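As written in TrEMBL, here are the features:
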type	residues	note
BINDING	Lys68, Met69, Lys70, Thr179, Asn289, Phe290, Arg291, Lys308	ATP binding site
DISULFID	Cys116-Cys158	disulfide bond
DISULFID	Cys126-Cys145	disulfide bond
DISULFID	Cys132-Cys152	disulfide bond
DISULFID	Cys210-Cys220	disulfide bond
DISULFID	Cys254-Cys263	disulfide bond
CARBOHYD	Asn177	N-linked glycosylation site
TRANSMEM	29-50	transmembrane segment
TRANSMEM	333-356	transmembrane segment
Amino acid sequence: MKNKIANALSDFFYEYETPRQVLVRNRRVGVVCRLIQLGVLVYIIGWVFIYEKGYQSTDTAVSSVFTKMKGQGYTNVSGNEKVWDVADYVFPPQGDSSFVVMTNYIVTEGQRMGRCPEVCENAPTCCTDADCEEGSFKRQMTGVCANRTKTCEVLAWCPVEDDHNIPDPPLLMSAENYTLFIKNSVTFPLFDVTRSNLVEGINSSYIGKCLHDPEDAPLCPIFRLGDIVKLSGFNFETIARVGGAIGIVVDWTCNFDLHLKHCKPKYTFHGLYGNPAETDKAKASVGYNFRYARHYMENSVQKRTLYKVFGIRVDIIVQSLARKFDIIPTLTAIGSGVGIFGVATVVCDLVLLYLLPKREFYKHMKFKNTNTYAKVRSSHNPNTTPSPQKVTCDCDSCL
């Protein structure tokens, strides 16, 4: 056992392996080798360099977006005419990248803090005061059963809102003609490049008369709300009635090996919520809505007008990817590709040494053991000359 261990350690520390070049003339192995090398070459050129652009470094942008809506709406509810401007129908009004445009609403006017019966359609009925447990249910109950409505009395803003009948058609169908102006700037820190969606040729004169169209005016930053909804795949009247969400994607995919003027935004539109094809009317939540109140004083009594707003939520999403030639990823891609060429050698060696009928012959030609002491003795013989290590084997004739 000790001798085996000693021999193993001796072999490990005192032996050295060096490649021996053997030229094998075998058609099948030669074809396999060239096919593998061709596949590796196609992968490096087609996938790594052309498709993945492995010769370029990449960077994503730091982005800023602000928006501005324009347009007026008109409603006439029970003879009460009203004109709606931007301050009335856009929430929030600061021009963020995410905002809501009101398209429909339910208004409850003249609310004041007090006691009143719960709305019949969304509250359980009662027969006596015992059926109204004080402090329970969604609102603050007073423990009194209102005889007129047979519902429990609550402490709330009265009269209580009744939001079961949503106006149809939407009250603000005129929102379809509102316009949205998007201003977006992006900075690519790695390449020290800053671009704006107001690219070359987009000036004040052009903005004053343009309207975005994917074919005729793809760079115009002014969008008609009805067109946004249509390009998202929605029907305006359907989404305006109960609300929904739409995403506007501003895509910056730039190649800085070309001139900067070729770095331009591309706008796409996606319906995020409020699919008009949805047939499940019993789902838990339909559309998009929220409430807000306008408080005022009347005869020293605080009152409010409550609005339940149905609207289109617009989310502006910026995507970016910039590329530029860089010697480091280029050399890395080339080096990895050269290394992959070694796969052909490994596969062909496996075929030669383990699969072909004359594999023992190939092993003998590929591997050669040398004796150090014999090598030393032969060096003292002046008639001994070293033989070349490249061996040619006509394998077709050996089979």
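Cβ atoms are placed via backbone N, Cα and C, with glycine included.
Predicted automatically and left uncurated, TrEMBL annotations should be read as such.
Feature map: TrEMBL annotations on the structure.
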residue : record           : contacts (Cβ under 8 Å, 6+ apart)
Met69   : ATP binding site : Val86, Tyr89, Val90, Phe99, Val101, Tyr178, Thr179, Leu180, Phe181
Lys70   : ATP binding site : Val86, Tyr178, Thr179, Phe181
Cys132  : disulfide bond   : Cys126, Met141, Thr142, Gly143, Val144, Cys145, Cys152, Glu153
Cys158  : disulfide bond   : Gln111, Arg112, Met113, Gly114, Arg115, Cys116
Cys210  : disulfide bond   : Ala217, Cys220, Ile222
Cys254  : disulfide bond   : Phe188, Val193, Arg195, His262, Cys263, Ser320, Leu321, Ala322, Arg323
Asn289  : ATP binding site : Val242, Gly243, Lys308, Val309, Phe310, Gly311
Phe290  : ATP binding site : Phe91, Val100, Lys308, Val309
Arg291  : ATP binding site : Leu306, Tyr307, Lys308, Val309
Intrachain neighbours beyond the transmembrane segment (333-356), with Cβ under 8 angstroms and 6 or more residues off its ends: 24, 26, 28-29, 32-33, 36-37, 40, 43-44, 48-49, 54-55, 362-363, 366, 395, 399
Alpha-carbon spacing, Asn177 (N-linked glycosylation site) to Lys68 (ATP binding site), which is rounded to whole Å: 14
Most distant Cα pair in Å, residues Lys68, Met69, Lys70, Thr179, Asn289, Phe290, Arg291, Lys308 binding ATP: 24
Least Cβ-crowded entry, counting other Cβ within 10 Å, from the binding-site residues listed as Lys68, Lys308: Lys68
For Cys126 (disulfide bond), the number of other Cβ atoms found within 10 Å of its own Cβ: 21
Cys145 (disulfide bond), number of other Cβ atoms within 10 Å: 20
Cβ neighbours of Cys152 (disulfide bond) where a neighbour is any other Cβ within 10 Å: 25
